[in-house]
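Structure first, then comments.
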Amino acid sequence: MALSWRSWLANEGSKHLFLFFWLSLNVWLFGKTFLLYNQGLQYYYLHQMLGIGLCISRASASVLNLNCCLVLLPMCRVLLAFLRGSQKVASKKTRRLLDKSKTFHVTCGVTICIFSVLHVAAHLVNALNFSENYNEEFVTLNAANYRGEDPRKLLFASVPGLTGVIMVLVLFLMCTASTYAIRVSNYDIFWYTHNLFFVFYMLLMLHVSGGVLKYQTNLEEHPPGCFNPNKTLQQNLTVPKAFEELFPDYTTEPFPEDLPVPEPFVQNSFMRVCSEEPKFQSHFPETWFWISGPLCLYCVERLYRYIRSNKPVTITSVISHPSNVLEVRMMKDDFEARPGQYVILHCPRVSALESHPFTLTM
C-alpha cells in the first residue's frame, strides 16, 4: 500500500499540486474582487444602485481574465516542446506536467464557460437595476437614460452589451463543437469553430472598452453618505430605496437649525460635510493586461509554425503494416529528431485547415 501511494505521489502529485494552486488562485481572485466591490468606498454609490449583481459580475470577470490568459499557454506547442526537450527542465515531474498541457487547456476552457454563465446572469440583473434605480443626481453613473428604460436596450444597443451577446454565441459554438461526439464524427467542425477564438478575443477587447461600470474619484471631497449643506438628496429629491441606506461609517444626523455654517466641532460630532458633488470615472480595462501577452505569444508561435511548415519535406517511403498502421519515412533539412518530439501532418486534399500531431518513433 505504501509503495502504491509513493508511486501515485511521484507520478501524479505534481499535477494535483499545480491544480490546487490554480484553483486557489481562482478562489482568491473571486473573493478579493467580490469584497472590493462590496465594501470599497469608491464603489459605494454603484453598489447601492446595482446590489449583489455588481459584486458577482466583477468577481466572475476576474476569474475569466485569469483563465482567458492561461487557456492560450498550453497551445504554444513549440514553446512547450522546447522546454521539455531542453536541459533547462531536468526534472521528470516537470516534463510529465508539461505533457498534461492539453488537460489543463480543457480545464481552463470549462472554467471559462461556467463563469461566463455566471457573468452574463449577473449583468442581466445589473441591466434591470440600472433601469429601476435610475436617479438624476447620478447621471454619469447610470447606464440607463431614464427610469424604466427597457433593459434590452442596454444589452443590444451598447458596445459592451452587443459584444457580450456575440461572445456568448461564439463561446457556445466553440464549446458544443468541442464535445467528444462531434470531434469524432466530424473533426472539421471542431477545428473551424475552435479557430473562432480569434474573434472571441477581439470582441473581448472591445467589450471591456465600454466603461459602463464607474468608480468615485473624489472620496476626500465627497465621502460616501456625507452631508451637503447646499443640496441634499434626502430633502429635495425622491430617492430610490436602493439609496436610502447610507454607508455604515457615516451617520446622517440632522444639523441643528441654529448652526447655519457647520463648525469643525459640529462636523466631527454629527457627520462629515461634502465640499463637492461626487465625480465618477471609468476604469482602464484590466483585461488588456491579462490577455495581451499570451495572445501575442500565441500569434508569434502560429506565424513561426506557418513559416517553418513551408520548408520542403521529402517522403522517402510509405509502408502499410497490419492493424491499419501506416509508416511514413521522410527527410527534412536541418532537422534532428529528439525523444518525445512529434510532427504535425497536414493533408490539403482532406482538409484545408485540419492538422494532426503524430509522435516520432525514429
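Cβ atoms are placed via backbone N, Cα and C, with glycine included.
Unlike curated entries, TrEMBL annotations are predicted automatically.
Small disclaimer: the values here were computed from a predicted structure and weren't measured.
In TrEMBL this protein carries:
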type     : residues : note
DOMAIN   : 80-204   : domain 'Ferric oxidoreductase'
DOMAIN   : 313-361  : domain 'FAD-binding 8'
TRANSMEM : 16-37    : transmembrane segment
TRANSMEM : 63-83    : transmembrane segment
TRANSMEM : 104-125  : transmembrane segment
TRANSMEM : 154-177  : transmembrane segment
TRANSMEM : 189-208  : transmembrane segment
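Helix, strand and coil content of the domain 'FAD-binding 8' (313-361), in residues and according to DSSP, is 0 helix, 25 strand, 24 coil.
With DSSP states grouped into helix (H, G, I), strand (E, B) and coil, the domain 'Ferric oxidoreductase' (80-204) comes out at 96 helix, 0 strand, 29 coil.
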